[in-house]
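Database features, via TrEMBL:
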- B:6-31: transmembrane segment (TRANSMEM)
- B:79-100: transmembrane segment (TRANSMEM)
- B:120-141: transmembrane segment (TRANSMEM)
- B:162-182: transmembrane segment (TRANSMEM)
- B:202-218: transmembrane segment (TRANSMEM)
- B:255-275: transmembrane segment (TRANSMEM)
- B:287-308: transmembrane segment (TRANSMEM)
- B:320-345: transmembrane segment (TRANSMEM)
Amino acid sequence: MPDNYLASYLPLLIQFLLVGAIAGGMVTLSWLIGKHKNTAAKLMPYECGMAPVGDARQRFSVKFYLVAMLFILFDVEAIFLYPWAVIFRELKMFGFWEMLIYVLVVLGGFIYVWKKGVLDWSRADSDQIVALPDRAPAGSR
Amino acid sequence: MPTWAQFVLLSAAKSVVVIIILLTAVAYAVWLERKVVGRMQNRWGPTRVGPFGLLQPLADGIKFILKEDIIPTNVYKPLYIAAPMISVALALMSIAVVPFGEQLRFGSFSTPAQITDVNVALLVLLGVTSVAVYGVALAGWSSNSKYSLLGSLRASAQMVSYEASLGLSLIGVLLLSGSLSLREIVNGQSGTYFGFLPRWNFFPQFIAFFVYLTAAFAETNRIPFDLPEAETELVAGYHTEYSSMKFAMFFMAEYTNMFTVACVGTLLFFGGWHGPALTFLPMVVQSFVPLFWFAFKIFLFLFLYIWIRGTLPRFRYDQLMAFGWKVLLPIALANIVLTSLYIGLTTP
């Protein structure tokens, strides 16, 4: 193996080209080999045998956005802890106290989010049923 | 031949061999699952194609390729076609940093049993598996069908929720081993505790392993966390609108991810390729014994997956989210604090 640090990443690039070719090949092959007999009904979105009402470009629950934001916070926290964990044996107890302060700050935010009810998916008082319009109003997307 | 050309050829050859073995293993994991779940439900599973239904994966593959490839009219075509490709490519990508054993020896030629030994292998693995959520999210959105959209929203929220716990659960292992290289993490687990217990991270880190295993089941959308394809309410979830090989590609990605998760679990918690030396075997196969132990441990992981599928019912969605955030995340944080306190106090 060449004596270069970046050379250990070259196989990752080769692997990426290979798996890209495999994925592309599978899609192309099944498109070429499979037959194509299209009818209007066959090309409709699936809806248990009846004509679908509206399309899927509608509003959905804000909870999904909140979860995505929380995920970014906690995943970044986890990634910050990785380098700390790797050199922890050199930091010893100093590293422990430093980490404890950091985790307590994060924990404070976590408790706040919990008390606010972001983590409750079906609390009776937070789950008002609001009739959504069939399509979101123009310009709201 | 110049050395760099040899290097490129060698790593390409390794990639090809590993991908072929992995895809075969994935096909037979499906066979194994159908067979084992069949026996658990007092049925036979596949029996018709070949002895014990062993040619069933091949027949399925041919069938998938020959099926009509339907692209519905109102999908967003570029992403609709890209989504299964992203899923499969990223699932096959993460195997590149996984070490399978020490050195492979063929006569005088010897090479590490790993496509590439990156010193931040664990970070590469986590990064690649994180991007995999794009395949699911884009598939559901670009399909422009309500079932697909709801399925993909659920799947994305579930995957990112459990990924936080997954990432935190691995920190306990990093504290013990002090390295992000998977090879060094495995080598740190050789030897024994008290002379008889293997020095696996599982024993001091069994809480982390519990969190990891649960989060891994949720990450791979397996029962009891298979809400993205809750067929009673969402038809098939995010791949409702997919047919033919594109449909099969999502399944290949799911089963490949099961293998990746099993590999990481084996490497981090169960000593990787370390196992009893089988000295009675001839010299020629001795260098393959670590590979055997590694494969055996992965097989046990897969069996656990199938066993749980045959045993547990599905979570309800609010239970799933509450479990991930209110139970697993605090446990993972507490494990980090306790482990680091112990190591900090005992390190001289």
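Note that Cβ sites are derived from N, Cα and C of the backbone, with glycine treated the same way.
Automated prediction, rather than curation, is the source of TrEMBL annotations.
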Cβ contacts the transmembrane segment (B:202-218)/the transmembrane segment (B:120-141), at least three under 8 Å, sequence gap 6 or more: no
Same-chain residues near the transmembrane segment (B:120-141), Cβ under 8 Å, at least 6 residues beyond its ends: 76, 79-80, 82-84, 86-87, 90-91, 93-94, 97-99, 148-153, 155-156, 159-160, 163, 166-167, 170, 174, 180-183, 185, 219, 228, 237-239, 242, 250, 253, 257, 260, 264
Stretch with greatest number of CB pairs under 8 Å, the transmembrane segment (B:6-31) reference, B:255-275, B:287-308, B:320-345 candidates: B:255-275
Any contact, the transmembrane segment (B:255-275) to the transmembrane segment (B:79-100), with at least 3 Cβ pairs under 8 A: yes
